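K.L.:
My questions will all concern the structure given below.
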């Protein structure tokens, strides 16, 4: 029997090898499975964890994700006399409105280390009179003990301090003591609100950014400190000194924006701006997919990760990969590496990734022209606590609502939408993703192509009016 022992050993090794070669057969809609050695969920391409037969079994298409075709500030037509979206009111509106996305409401009106992103909910004990609450929220109050703030005028043209996307896709702008939430066309009802009521920090702040990973934590900077939030809740141990968390980054920064890692093995970056210089900082690690299970996935990150399915690896590496620096690099001059951007900026924000290309006339004919502004925000398709999987039919129907046909801003093509149309067609080979960065200075802003690091040459040219293109304010032109 001794001569047979090697055969048994070889057979055992072969069986173990086959067991390691897990398949995606029957798993394409089951989501992430921590117990498996390889994955078949829609994010496995980004995490480089797909099973060997993922492409064959699951047949992923980049068109099943949210695909934007134009940058945030482009219109179907440049109609400067369009009616504003009721944003001519210049006073603060302390009315009761629903919080955006899955942000948690505050239960205490006082400032505590843990801050929530909804100041509207009343304290449970004892409830004050409505008149008293209005006096607290109204910025022009003169009651003793209540700070006085100047009345905020939406279309005043004053510079903004910060812009950032939250993990649920909401876009927030900060100016002075106040913050705004922006929707697809203008400012959401109920804004502006005091930053202290919404974030638990007394404004003004210096800068803000949200990391583009599965957790999507938001960072606010003020003076020598910074605050970190997850799902609207301040993380324990914050605020912290900038020198502790971001070694090499100066205090009192002017602006900041974050970029994703080109893949899970890469590193996220954030750019800080102060005066005429900027600093590039690299995070040393990002959370794993398993660490993010059980919580809501960042919609901004999901949009980026789904684009990894297509053959754009080289472009993403060019955009988001850099040599390792272990923290902050030496400061550089803005004018040297960001061509066309003013020497000093007030705020900055990374725009959404959009895809340019062209369509045949027959494909365009199936769509109806839309005059809606193209600043559609990210839409999360997963709720907190729900398993991250859907059937192929439900996935297709839910995502098609937010899907746009490919177009080119340079060629003047607009965005077409039809919510009942089946979107299972392939991306044209000529399409490629473009990442924009927005720089805000005074009452104007600039859009920069991250790949060329130059201000986009479009019509109307940059700089453009922040009030008109981002706030929905009426134009002075007739």
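Glycine is no exception: its Cβ is also placed from the backbone N, Cα and C atoms.
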K.L.:
Out of 322-358, 359-395, which range is noted as region 'Disordered' by Swiss-Prot?
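P.N.:
Here Swiss-Prot associates region 'Disordered' with the stretch 359-395.
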K.L.:
Can you tell me how far the Cα of residue 241 (N-linked glycosylation site) sits from the Cα of residue 168 (N-linked glycosylation site), in Å?
P.N.:
27
K.L.:
Inside 10 Å of the Cβ of residue 168 (N-linked glycosylation site), count up the other Cβ atoms and send me the figure.
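P.N.:
Looking across every protein chain shown, the total is 23.
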K.L.:
Return the count of C-beta atoms lying within 10 angstroms of the C-beta of residue 241 (N-linked glycosylation site), excluding that atom itself.
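P.N.:
There are 12 of them.
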